[in-house]
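Visitor: So TrEMBL has the following annotated:
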{"type": "DOMAIN", "residues": "7-86", "note": "domain 'PglD N-terminal'"}
{"type": "ACT_SITE", "residues": "His141", "note": "active site, proton acceptor"}
{"type": "SITE", "residues": "Asp142", "note": "site 'Increases basicity of active site His'"}
Amino acid sequence: MTQQIYAVYGASGFGREVMPLARQQVLQEGGTPDQLLFVDDNPTSSFINGHKVVRYTELTSMKASAFYVAIAIAESPVRQKIFEHLIADGINVWQIKADNVVMLDDIKIDSGAILSPFVTITSNITIGKSFHANLYSYVAHDCQIGDFVTFAPRVMCNGNVVIKDHAYIATGAIIRQGKPGKPIVIGERAVVGMGAVVTKNVPDGTTVIGNPAAPLSKKALRR
Ligand code: UDP
């Protein structure tokens, strides 16, 4: 009988953090570790942490009843490109969720999320495709998160916040709570710097840093 094949796409730092979580899921679903591989377009080694590393074409040439692939690459445009490729090839974009993730009521989450250890997602929350929530991040009530959004470790996203597609929130950033009907909005492709404290909306494509968070000036960039 042909088996399902599972893979973590991206065999670098984040991929190596995701792999043990993926392995646990495979075991919980009654699979074995040899059904689980890394996929990388620029492999640096043929085996990493006990798993074979293959190129994408090698993966798709394998015999399997179905493929499940988690995209463990932080850069969101790359994630989108791979996501669309997988869908076009009829491959399932796999969600990885650490065992101790807390998820409360009425959460709608699209495919391909990676929820690292100690993540909490509370109630009445919508999340788009391929969301990455790294270690200890949280999303509080009534937030709407778009597609290909990335939270680095320990992001604190309070209630009534809207985060548009491809936004990147760096380690330890805090986003102030919005109000019902008047959320704090983080724009499309916006970047919130490490440890920033966001108290008002961030326009599309803007990088903000500091407390209170303000757009990164050209002067700051020259420093
Ligand atoms: N990668 C890939 N296909 C792509 C882009 C990246 O297979 O189109 C791989 C790349 O070779 C590397 C990993 O994904 O092994 C990304 O690693 P990186 O160090 O950039 O980021 P992180 O581990 O933080 O996501």
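Cβ from N, Cα, C; glycine included.
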Visitor: Might you list, by sequence position, any residue in that chain lying six or more from Asp142 (site 'Increases basicity of active site His') with a Cβ less than 8 Å away from its Cβ?
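Guide: Residues satisfying the criterion: Ser123, Asn124, Ile125, Gly159, Asn160, Pro180, Pro183.
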Visitor: When the domain 'PglD N-terminal' (7-86) is classified with DSSP, how many of its residues are helical, how many are strand and how many are coil?
Guide: 35 helix, 19 strand, 26 coil
Visitor: Return the residues near the residue listed as 'active site, proton acceptor' by Cβ distance under 8 Å, restricted to its own chain and a separation of at least 6 in sequence.
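Guide: Those within reach of the residue listed as 'active site, proton acceptor', by Cβ under 8 Å and sequence separation of 6 or more, are Thr122, Ser123, Asn124, Ile125, Gly159, Asn160.
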